[in-house]
Amino acid sequence: MIHTNLKKKFSLFILVFLLFAVICVWKKGSDYEALTLQAKEFQMPKSQEKVAMGSASQVVFSNSKQDPKEDIPILSYHRVTAKVKPQPSFQVWDKDSTYSKLNPRLLKIWRNYLNMNKYKVSYKGPGPGVKFSVEALRCHLRDHVNVSMIEATDFPFNTTEWEGYLPKENFRTKVGPWQRCAVVSSAGSLKNSQLGREIDNHDAVLRFNGAPTDNFQQDVGSKTTIRLMNSQLVTTEKRFLKDSLYTEGILIVWDPSVYHADIPKWYQKPDYNFFETYKSYRRLNPSQPFYILKPQMPWELWDIIQEISADLIQPNPPSSGMLGIIIMMTLCDQVDIYEFLPSKRKTDVCYYHQKFFDSACTMGAYHPLLFEKNMVKHLNEGTDEDIYLFGKATLSGFRNIRC
């Protein structure tokens with residue numbers, strides 16, 4: 001009897017123990033499930049995670065905190081800005097270029113011109129290597145480079161020998177002012193550029209010497225507002241008096257004088273004696289505007305190029321290209337210059353209309369072209385991408401600047 005009662009008590013104890021164990025296991029499973037569901041509630045789906053990782057601004061979660069009022073975890077976060085992808089760099093003209101870029105042949109030519117000093121240059125101004133901001137240099141050019149033409153009141157052009165030959169209308173009243181202007185170089189890199197339409201969309205277009213537009217309109221356009229020519233072309237070009245190329249737009253001829261010579265002294269000894277050809281042209285085309293640039297202007301510009309350049313530059317006048325840029329800066333609010341600074345199409349072919357090869361056409365030999373390009377690159381307000389793709393530099397004109 002006693003043995004039977006003990007057996008029943010033992011069985012009841014086992015039953016209670018098993019029941020307690022089952023209840024504990026069930027409760028633990030419920031807690032685990034609740035925790036799993038809670039974790040899932042705050043888990044970012046993989047698709048959303050990928051979107052967030054690819055966005056410019058990512059949300060980064062830190063340790064969760066408990067709200068004392070409600071037993072709900074609060075996730076604190078802060079924003080992390082992703083690194084901006086760097087802009088692509090373009091290999092374009094370096095505004096700090098020096099003669100170290102020249103090949104041995106051009107370096108020898110430079111030394112020869114320094115020794116020759118044909119124009120008796122004796123520069124006594126500041127520099128070399130004076131640093132200007134873009135704004136200060138623009139003001140410096142405006143205030144010290146006088147773009148003006150020979151007038152009938154200038155001796156000896158006021159004598160009977162010249163009566164009736166010079167244009168009656170003042171140059172500044174004949175041209176401009178314009179908003180957007182284009183200066184189109186004659187560089188071989190303009191070939192296959194497809195820039196013609198863009199160039200023609202400007203209010204005025206300046207071209208140089210005998211650079212044609214016929215058969216090249218797709219690359220260089222067809223509009224010609226001003227044509228700047230050197231005295232060598234006017235004197236030696238046999239077609240000058242007959243070719244219709246030289247009857248379109250306003251013509252300007254320039255001839256270098258001895259360093260800072262006045263008009264009478266220059267007239268006695270011009271670099272090229274173009275005066276008789278000029279008179280012949282005016283007799284044939286009396287209504288064609290044809291101006292003569294005062295000889296002081298190129299040397300006023302040369303002084304500034306030397307002032308800001310780290311090296312001694314050739315003691316020769318600036319190129320027609322640089323003169324044309326300054327002329328248009330006096331007449332226009334904005335000047336777009338094409339292939340003065342070379343693009344990705346850079347070539348040793350000198351002209352888009354001729355097959356003549358020489359690296360001097362890009363780097364300079366007679367003219368201080370390398371340092372002219374340095375100055376234009378410094379003044380450029382466009383992008384390196386524009387230079388690389390289109391050979392296009394954009395400069396502000398002088399008319400609206402405050403100095």
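Our numbering is plain: 1 for the first residue shown, then up by one each step along the chain.
Using N, Cα and C of the backbone, Cβ positions are placed for all residues, glycine too.
Record features (Swiss-Prot):
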{"type": "BINDING", "residues": "S186, N209, N230, S319, S320, G321, C350, Y351, T362, Y366, K373", "note": "substrate binding site"}
{"type": "DISULFID", "residues": "C139-C403", "note": "disulfide bond"}
{"type": "DISULFID", "residues": "C181-C332", "note": "disulfide bond"}
{"type": "DISULFID", "residues": "C350-C361", "note": "disulfide bond"}
{"type": "CARBOHYD", "residues": "N146", "note": "N-linked glycosylation site"}
{"type": "CARBOHYD", "residues": "N158", "note": "N-linked glycosylation site"}
{"type": "MOD_RES", "residues": "Y366", "note": "phosphotyrosine"}
{"type": "REGION", "residues": "63-403", "note": "region 'Catalytic (soluble form)'"}
{"type": "TOPO_DOM", "residues": "1-9", "note": "topological domain 'Cytoplasmic'"}
{"type": "TOPO_DOM", "residues": "27-403", "note": "topological domain 'Lumenal'"}
{"type": "TRANSMEM", "residues": "10-26", "note": "transmembrane segment"}
Query raised in the report: Over the region 'Catalytic (soluble form)' (63-403), what does the predicted model average in pLDDT?
Result: 92
**Report entry** Cβ packing number for C361 (disulfide bond), 10 Å threshold
**Finding:** 20
Report summary line: So N146 (N-linked glycosylation site), by the Cβ count within 10 Å over all chains shown, scores 12
Report summary line: recorded positions near C361 (disulfide bond): from C139, N158, C181, C350, K373, Cα within 10 Å gives C350
Query raised in the report: Nearest to T362 (substrate binding site) by Cα, among C139, C181, C332 (disulfide-bonded residues)?
Result: C181
Query raised in the report: List, in sequence order, the same-chain residues at least six positions removed whose CB sits under 8 Å from that of Y366 (phosphotyrosine)?
Result: I109, Y113, Q314, N316, A360
Query - DSSP three-state assignment for the residue listed as 'phosphotyrosine' - result: coil
Query - Candidates S186, N230, C332, C350 (recorded positions) - the one closest to N158 (N-linked glycosylation site) by CA - result: N230
Query raised in the report: Quick one: what's DSSP say for C332 (disulfide bond), helix, strand or coil?
Result: strand
Query - Nearest recorded site to N146 (N-linked glycosylation site) by CA-CA distance, among binding-site residues S186, N230, S320, C350, K373 - result: S320
Report task. Count, for each of the disulfide-bonded residues C139, C181, C403, the other C-beta atoms lying within 10 angstroms of its own C-beta, and report the residue with the smallest count. Result -> C403
Query raised in the report: S186 (substrate binding site) to C139 (disulfide bond): how many Å between their Cα atoms?
Result: 28
Query raised in the report: In Å, rounded, how far does the Cα of N230 (substrate binding site) sit from the Cα of C403 (disulfide bond)?
Result: 32
Report summary line: Looking at the recorded positions C332, C350, the one with the fewest other Cβ atoms inside 10 Å is C350
